[in-house]
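Taken from Swiss-Prot, the feature topological domain 'Cytoplasmic' applies to 1-32, 79-102, 143-172, supported by a curator's inference. Residues annotated as transmembrane segment in Swiss-Prot, with sequence analysis given as evidence: 33-53, 58-78, 103-123, 126-142. For 54-57, the entry in Swiss-Prot reads topological domain 'Extracellular', with the evidence type a curator's inference.
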Amino acid sequence: MSSSGGAPGASASSAPPAQEEGMTWWYRWLCRLSGVLGAVSCAISGLFNCITIHPLNIAAGVWMIMNAFILLLCEAPFCCQFIEFANTVAEKVDRLRSWQKAVFYCGMAVVPIVISLTLTTLLGNAIAFATGVLYGLSALGKKGDAISYARIQQQRQQADEEKLAETLEGEL
């Protein structure tokens, strides 16, 4: 019960870092939706992968089911309300920077593929890996367009040419 009393204060402190990174509300929801879909695909593929006698496929399937559980716990804690600490874990994950989430999610998705390279593991972990990629793209942030970049380069080039002309005139 004490964890539910501390949740509002913790969620208020975890909200500013996500907003400071410049993620829009729709991109944040896209990342969360991708995480939930990745968890579902990992769980289904992991169960399918466990129906075999090959031990590496079973290990990869168990890892994929664990990935599904962790993704749901981090991205959609309301799906794991039977676990007492689900909201606490989700709040701690929300405080992580986007690049940390990207490395974590991509790393989790690559391990079963390394264990057993099959079509089931590739397809099952594709959306989970895409979740990490989406968080990685948000870590890069919004970059300027090509036109603005070209203008800045042109201004720098003109400034360099003027400095070169001044130094040449000074030598003469």
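Every residue, even glycine, has its Cβ placed from backbone N, Cα and C.
Long-range contacts of the transmembrane segment (126-142) within the same chain: residues 21-23, 27, 30-31, 34-35, 37-39, 41-42, 67, 71, 75, 97-99, 101-110, each at least 6 residues beyond the stretch ends and with a Cβ under 8 Å from a Cβ of the stretch. If one looks beyond the transmembrane segment (103-123) by at least 6 residues along the same chain, the residues whose Cβ comes under 8 Å of a Cβ in the stretch are 35, 38, 41-42, 45-46, 48-49, 54, 56-57, 59-61, 63-64, 67, 70-71, 96, 129, 131-133, 135-136. Within its own chain, the topological domain 'Extracellular' (54-57) has Cβ neighbours under 8 Å at 115-116, 118, 120, counting only residues six or more beyond its boundaries. Mapped onto DSSP helix, strand and coil, the topological domain 'Cytoplasmic' (143-172) counts 26 helix, 0 strand, 4 coil. Counting residue by residue with DSSP, the topological domain 'Extracellular' (54-57) contains 3 helix, 0 strand, 1 coil.
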